[in-house]
Each structure stands twice: as C-alpha cells, then as structure tokens.
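What TrEMBL records for this protein:
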BINDING   L173, G177, H178, L179, E299  (6S)-5,6,7,8-tetrahydrofolate binding site
DOMAIN    30-133  domain 'Serine hydroxymethyltransferase-like'
DOMAIN    166-437  domain 'Serine hydroxymethyltransferase-like'
MOD_RES   K285  N6-(pyridoxal phosphate)lysine
SITE      H284  site 'Plays an important role in substrate specificity'
Amino acid sequence: MTADSSLTAPGVEYAATASEAYRAALAVIESVEPRIAAATRKELADQRDSLKLIASENYASPAVLLTMGTWFSDKYAEGTIGHRFYAACQNVDTVEALAAEHARELFGAPYAYAQPHSGIDANLVAYWAILATRIEAPGLAELGAKNVNDLSEQDWEKLRAKLGNQRLLGMSLETGGHLTHGFRPNVSGKMFHQRSYGTDPETGLIDYAAVAAAAREFKPLILVAGYSAYPRRVNFATMREIADEVGATLLVDMAHFAGLVAGKVFTGDEDPVPHAHVTTTTTHKSLRGPRGGLVLATEEYAPAVDKGCPMVLGGPLSHVMAAKAVALAEARQPAFREYAQAVADNAKALADGFLKRGARLVTGGTDNHLVLLDVTSFGLTGRQAESALLDAGVVTNRNSIPADPNGAWYTSGIRFGTPALTTRGFGAAEFDRVAELVVDVLKNTEPAAASTGPSKAKYKLADGVADRVHAASAEILAANPLYPGLTL
Ligand code: PLP
C-alpha cells in the first residue's frame, strides 16, 4: 500500500517530535487527573491493538490532533469572519478563513462554512439556511418587512407556521439514509413532513425513476441525497435533475464519503459539489480530520449559511476549526488522492474476500468505502455478530439491511469500512485476510438461548476462535503500525 502522507509526513521527524509533545502533555494531565491520562494512554493502546472497521471512523494525523489542544479553545467568537459579536477575534478570523479557503479549494465550492461542531449541526445549519432563503426571505418581502423583529406578533406566527410546514424527501434509514434526513427521533423529523425513497428490492440499488416519481408526488422543498450505509455511488447529476423538475433544493450529505470526493475518486456525476445547492459533511470520517462539520454552498445559499451562528450554533470551536484547516491542507496533498483510491480499492478487496467465502452482501458488492454484510446467512442477528467479532478484536457496527427482519436495534447486517485501516497501511492482501478472519468468527458463532427464551443478543463463539483471530490480526497490525514511532 502507499505510504500514508499525513501520518508520516515525508522529511519530517514527526514521530520523535510528536512523542515528545504527547509525553509532555500526558505528564501535565497526569498531575491534575491521573485517571484521564491513564484512559488516554489506554485508548491509544486499544486502537493500536484492534482491527478498526467502523466505516465512520479514521485516525487523524498528530498534526491535526495537536492543533486541537491549544488556547483557541478558550476564545469566544460568535458571528462570522470579520463580523463577530465578541472582541479580539482577529486570530480566530485567520483560522476560520483558512479552514474555509482550504475547503473551497479542495472541493471546488463557491463558499464554505467551517463552524458546525458535527455532522448533525452541519445538516441543521443547511436546513435552516434553505428555509431562510426559500421561505423566510420571500415571506418577509411579502409582508414588506426587512427583519423578523419588524413583524407583528400575528405575522410572525404566520411565518413560523409556514416554516414548520415544509417537506423533505430523503433516503430511508433501512436502505442506508441517516437519522438527520428527516426521521422522527431526530429534530429534522419534527421540523419537516418527511417521506423517504428506498432502493430496488432486487438489486439493492437506488432506483432513480422511483425517486423521481416520489418527488413528483410529494413535491418536497428539499431533496436529500447521501447516506451512512449504502455501499454504492450516487449519481448526483440525476438527483439534481429530479430536484430541478419539482423545484426542490438539492442537499447532499457527503459525511461518509467526503474523503473520496476530496481524493477525486468520485468525479463528474458522482461528485456532489457541482450539482448540489448545499453540501454538508463531517470532517472526521473518510476525510480524516478532527470531529466536526462543514457546509459548502452556492452563492444563492451562502448568505444564509453564513448566519449558522446565531441561527443554529453558538460560539464556534475555534481550536477544532484550526484542526479542520490542517486536515484540509493535508487532503489537498497529492498523497491524499492515493489514500482515497486505496480506500475504495480496499473496500472492493474486502467485498471480494467475503463473496469468495460465500457471504451475502447488500447490493452484491461495493464501489465506495463500505461493505454491508447480511449476517442472516450465518444464522445470526447483527447484534450477535457484532459482539462475537468484538470478542475476537474486530471492531465493527451492526446495521439494518433493507427489509430487515430483526428491526433497527438487533439488525441483520454488519457494516464494514476501510478508511481507518487504509490509513494504517493495509492493502488488498490485508483486507482479504480480514475477510477470512471475519468469516472464521461468524461461521463459528451460534445464537444462544437466553434464560427467558430465545434472544437476538445472546451468542456462543466456539472455544479458541477469539484467540486464533486475535493472534492473526496482531500480526497484520504489527506490520502496519498506527502512528509508527510514536511512543508515550
Ligand atoms: N450525516 C451522515 C450521513 C452521517 O453518517 C452522520 C454520522 O454518522 C452524520 C450526518 C452526523 O454526524 P455527527 O455524528 O458528527 O453529528
């Protein structure tokens, strides 16, 4: 596999320097609360010792991680660049402007907003920016007012009712959509009348004709594309055509696959940024930055997105915006393209490894960074499979599959992602070995009865399997160390 760029920056004695920095930092923390220092050391050890296959996780570089531990954490900076509600924000302005500039350049977006603290915040900013642009602004104009504070109590109530009476069409949860795409447990489901589109029951793929038919019938204000657990690429040009036909705003949530967009694996119709009116993302998944969110927008939506604070957000996390700038700078390096391509190639190798060992995959494979394994073919629920794999040091998460017979809690699937282990240096051969180890665990796991009757959580992993898989994975992990040379 390609050497990783940002974790082993060429020509930089990063390992010795980062080791020194972390040793000093942990000594300082230890002097105040030793248990936190101990948990921090243990977290690194645990991450080093396990096969991290959670599709939404990664390993950020020491540069990104170190950037978060600074005095920017102490600064309030409500408002936006050059227009703050607090004094002395000149350095935060520098940081936020750099994060936005890197994001614009990397993704080719006219405008970028670096303040959202997470993916859910980014989506909330996007939803309210769309509502502000398409409902609030024309509503104010109709009433001859410039500002919501100029409205009478009665007019304000009318406008509020209109804001709360809009429609959103997004991908269903069980076919891979995300909670923030209009589902009732999330605030997005309470804000909007929601309908979902699913996938073709035969192929498992998005049926664009069905999406178009649902859009014509439902006439949403917002069409959401993007997913958390769909193992295929999306044609965003087609999604935009559907949105345009019904007068919807196209919002693409690329939280999961932003790294593949940044690394130019997804181009043309598969690159959401030129097609969407608004694109949201997290920065910590395949993009390999700090935990956080970003919003990209066209000129039309930029002014409303720029009011994310105070519309939805409070004071920005300036230390995290600084780390976003560092991570985005890393993602602009040529080596990130190699990384992103390897993430996709490795997902294929993992999928092929499962298929040749007889496992069933949702959609029959992958062409992005994730693989969704149907574990009913092993006679297991997702919950049983997830627990047995964890016993063997394989960290994954259970996930619904389309028409899931076991519901959203126990589920029937396991989602695997390649971004994290690709960062460690795993290539196709290592991912084939991972598939072999996973199948070994699942073939040797049986559902077990609970004392009160059958349980979808209880399982029995055959003796010796966990040890065997631990030993095999220890070998591959040792050959592909996490943060090579970093010693605490
Ligand atoms: N959108 C999608 C598609 C996601 O997969 C996720 C997280 O899993 C989010 C949004 C929310 O991100 P966060 O956990 O940073 O709020």
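Residue positions begin at 1 at the first shown residue.
Cβ from N, Cα, C; glycine included.
Owing to the predicted nature of the structure, the values given are computational and were not obtained by experimental measurement.
Shown on the structure are the features that TrEMBL records.
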residue: L173; record: (6S)-5,6,7,8-tetrahydrofolate binding site; contacts (Cβ under 8 Å, 6+ apart): L179, F183, S196, S400, A408
residue: G177; record: (6S)-5,6,7,8-tetrahydrofolate binding site; contacts (Cβ under 8 Å, 6+ apart): G170, M171, F183, S196, V224, G226, Y227, S228, Y230
residue: H178; record: (6S)-5,6,7,8-tetrahydrofolate binding site; contacts (Cβ under 8 Å, 6+ apart): G119, M171, G226, Y227, S228, D253, A255
residue: H284; record: site 'Plays an important role in substrate specificity'; contacts (Cβ under 8 Å, 6+ apart): S56, E57, N58, A60, P290, R291, G292
residue: K285; record: N6-(pyridoxal phosphate)lysine; contacts (Cβ under 8 Å, 6+ apart): A55, S56, E57, N58, A255, H256, A258, G259, P419
residue: E299; record: (6S)-5,6,7,8-tetrahydrofolate binding site; contacts (Cβ under 8 Å, 6+ apart): P110, Y111
> In Å, how large is the greatest distance between any two Cα atoms among L173, G177, H178, L179, E299, the listed binders of (6S)-5,6,7,8-tetrahydrofolate?
Replying inline: 31
>> Helix, strand or coil by DSSP: which one applies to H284 (site 'Plays an important role in substrate specificity')?
In response: coil
> Which recorded positions among L173, H178, L179, H284 have CB under 6 Å of ligand 1?
Replying inline: H178
> By DSSP, what is the split of the domain 'Serine hydroxymethyltransferase-like' (30-133) into helix, strand and coil residues?
Replying inline: 62 helix, 9 strand, 33 coil
> If H, G and I count as helix, E and B as strand, and all else as coil, what does DSSP give for L173 ((6S)-5,6,7,8-tetrahydrofolate binding site)?
Replying inline: helix
>> Can you tell me how many other Cβ atoms are located within 10 Å of the Cβ belonging to L179 ((6S)-5,6,7,8-tetrahydrofolate binding site)?
In response: 16
